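Each remark here refers to the structure printed beneath this line.
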Amino acid sequence: MLPLLGLCFALPLCAGLLEEARSWEDTSDQVGLRIPRQVRLLQRLKTKPLMTEFSVKSTIISRYAFTTVACRMLNRGSEDQEVTFQMQIPAAAFITNFTALIGDKVYQGEITEREKRNGDKVKEKRNKTIEDNGEKGTETFRASAVLPSKDKAAFLLSYEELLQRRLGKYEHVVSVRPQQLVGRLTVEVTVLERPGIAELEVLGLQNSRQRGSGRGPDDSGPPPSTVINQNETFAKVVFKPSVVQQAKIAQNGILGDFIVRYDVNREQSIGDIQVLDGYFVHYFAPKDLPPLPKNVVFVLDSSASMVGTKLRQTKDALFTILHDLRPQDHFNIVGFSNRIKVWKDHLVSVTPNSIRDGKVYIHHMSPSGGTDINGALQRGIQLLNDYVAHNDIEDRSVSLVVFLTDGKPTVGETHTFKILNNTREATRGRVCIFTVGIGADVDFKLLEKLSLENCGLTRRVHEDHDARAQLIGFYDEIRTPLLSDIRVDYPPSLVERATRTLFPNYFNGSEIVIAGKLVDRAMDRLHVEVTASNSKKFVVLKKDVPVEPRKVGIDVSQSPRPRGRGQEEPNHLERLWSYLTLKELLSAWLQSIEEPERERLRQEAQALAVNHHFLIPFTSMTLKSAPRTEAPEAAYGMSSTSMATGPETVMQSLRGTHLQPGPAVKKPYNPRIKISKTSADGDPHFVVDFPLSNLTVCFNIDGEPGHILRLVSDHADSGVTVNGELIGAPAPPNGHKKQRTYFRTITILVNKPERSYLEITPSRVIVDGGDRLVLPCNQSAVVGRRGLEVSVSANASVTISIQGTVAFVVLLHLYKKPAPYQRNHLGFYIANGQGLSSNCHGLLGQFLNQEARLIGLSKSPAHPPVPEAGERSEAVLEVKGRQVPVVWKQRRIYNGEEQVDCWFARNNAAGLIDGEYKGYLAAHPFDSETAFGPGLSQGL
């Protein structure tokens, strides 16, 4: 019997679109009735299920966020209990996967087409258990299961979203509400932005449903235990509070929203265009332009339901908003209940007197009567149309209605279809309507359609202490229009399936995003043309953008389903394109009137969502039991010895239903591969073997903690890149160094025959090739897929074999009781480099196919003279036409098991390596675009 009691999905679409969520099993008829007193007694004696771990990991690449939530629970009681996993997700996000591990059974979510009920249309109502806070809010995902006594469960949820730029910032919000104190709680947010991260801030935990106006910096600072590591293009934020720190924030486990805000560097031209594997995205966000004049009518609900806090906070917000109007703007105010009351019979210019009089009018508004939404909108739009028609306006301007209500139409025209039709005919595409719904009783679906059909936005504002700030924040998003009538054109012969390219307005601090597919992946340039209207002129921007499909940073594959033969590995730009396309199809379906058109849009969205594994109102998710396995936790990246071993051993991302436990993890064995001398180990000490010259050379690299060194770079030919990240440690007493550095992470990017990522630390190995698998280093295991094999020898080494022609060995240096100057670290050895090309580069890779010789040395260079006490043996090494002074040394490798005689090059291998040491620094762990010395470059 499937033990899941119920599963509620919060689908990321406008209010009114979600079909009632389904439960996989109804067990209500199986629960025996008890005497009420007996129930209360049993509840008192029950031991609540313990959450042993709550982990959220997000990776944001080019504003597109992949998030995976992992939760582990333990039933400590003596009887079966129901456990519930609950997570708030952004309303704009799409769920891509859900997996439950109950005991030794695995249940995996599968996205399929949702059948139309009664053969007509999707029900336009929401499950009452789903919290819907509108476009800027959250929806809650819930899953329940019966967990046997003393057994363990794990839930894993994945979702994706495109971050929207508002008020000049991108905001990524993670809900941290495990409902109890958790022994292992981790939130990890990684940001990768090719243009560079302009600024990044972590706000204090917030429990308000919406977050104020955004005016001025948040001075609360990041929550305790937050660690931020950042360079120009990469940032990693980790929040890992202890139980004591959690209790100081909230003893009930409802910590709040963990918020990361950032922006990116921008070029003042056509915008930022990124290309990857036949897909492109175009970000356009100009600034430093003169603002367009606004013609704005504020239409405010003053019906009886607005009495009290709602009307008071609305008035306070409008007082601030009126002060922000510019001298070139014009405005008017309409109050409505069952009667329509207009402040002036025409729009007035912004002056100190008009602002004062407008505030007085708002102050005297009092709640009474019903709600005539249709009449109020018609009057507001008429005021704008009359102003534009009867005034000779020299400058271009934008006409806006800001409409605010807390209820449903109760007076005048109350039929939704007629209100929408009347509004559409009145605006005629020349007036944009921005709607705000206050409180829980508002007809949010109507407001959303009004905005969608009339080039506006909609927000839901909650009736709480910060409603005033929410209103001001919404107005701030539209207070500064910079461009109108924006059109973006690409050559039709080069681009297909582009998303929306026409935009009525562009507001300061926002961003226009377009994604599409390229007809020819081999093209080297893309012509882009942007036309728009500014306050006094018509703007035309043209540019031929170089298309460099391999220079976009890393590609985090999110393949949600088994790929057939010939299918390429999906990439984040393909996911972004499908996400935007789905959003536009769903919006078009919402606005469509004709049933044939609605059915066409439904089928197109449904096919795209199933193909890319997105949960939308036209698809459904069913849980299917995966094949039984001896160690299902290990197959999903979890420790089989303990369900509370930490987030490091949890599978970080579910990429689809094709990950099945069993075949991926084989019986462990101890690999026996002969390791060459060519290596980077210790502090870090580099050893290079020149087999063609029967010579060994060594050198040191004095890096800084956090530096990422390029070790092997053959991305263009064999498709292999290896980077190593350094960690710092104090030097031993009486040493000549102030600090030492070691490798704490080795990352390997394999691009052929298909893309795979490996991340190796002393505690875990992450293998990500569409299926993401996490292997603990304290357990032996072997995994393999399509030419890539990874073997873990417990607490000793990790061996990576690629296509049978390339092999690397990573040694694990672990300390049971480390001294202050000791750190667990890694050593990297090239076991087999036959499959690497002659163009291979990097600190180690550049020497694999080179010859070297010693000049003026009579004895065999392979066996340097053993110097007598106090004597130094020196020589000159010739490599690549360069002569480098070297001195004879001895090095220990393979955990000190073997001693190597080598010729040592000083000064960070100056003259030995191409260029300088700094040319080998990577921007992020999976970066494959780094210059190596003067004029040398290897790119993605």
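Placement of Cβ uses the backbone N, Cα and C atoms for every residue, glycine included.
The feature signal peptide is assigned by Swiss-Prot to 1-16, with sequence analysis given as support. Feature annotation from Swiss-Prot assigns domain 'VIT' to 35-161. Annotated N-linked glycosylation site per Swiss-Prot: N97, N127, N231, N421, N508, N694, N778, N795, in sequence order. For 207-227, the entry in Swiss-Prot reads region 'Disordered'. What Swiss-Prot records for 295-478 is domain 'VWFA', and it gives sequence analysis as the kind of evidence.
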Pairwise CA distance, N97 (N-linked glycosylation site) versus N778 (N-linked glycosylation site), rounded so that it is a whole Å: 29
N508 (N-linked glycosylation site): tally of other CB atoms within 10 A of its CB: 20
Coarse DSSP state, helix versus strand versus coil, of N97 (N-linked glycosylation site): strand
From N231, N421, N508, N795, the glycosylation sites whose CA lies within 10 Å of that of N778 (N-linked glycosylation site): N795
Candidate glycosylation sites N508, N694, N795, pick with smallest Cα gap to N421 (N-linked glycosylation site): N508
Distance, N694 (N-linked glycosylation site) to N231 (N-linked glycosylation site) (CA atoms, angstrom): 41
For N421 (N-linked glycosylation site), the number of other Cβ atoms found within 10 Å of its own Cβ: 14
Which same-chain residues, if any, lie at least 6 apart from N795 (N-linked glycosylation site) yet have Cβ under 8 Å of it: C777, N778, L812, L814
Which of N97, N231, N694, N778, the listed glycosylation sites, has fewest other Cβ atoms within 10 Å: N694
Taken over the domain 'VIT' (35-161), the model's mean pLDDT: 79
Three-state secondary structure, which DSSP defines for N421 (N-linked glycosylation site): helix
Pairwise CA distance, N508 (N-linked glycosylation site) versus N694 (N-linked glycosylation site), rounded so that it is a whole Å: 65
N508 (N-linked glycosylation site) - helix vs strand vs coil (DSSP): coil
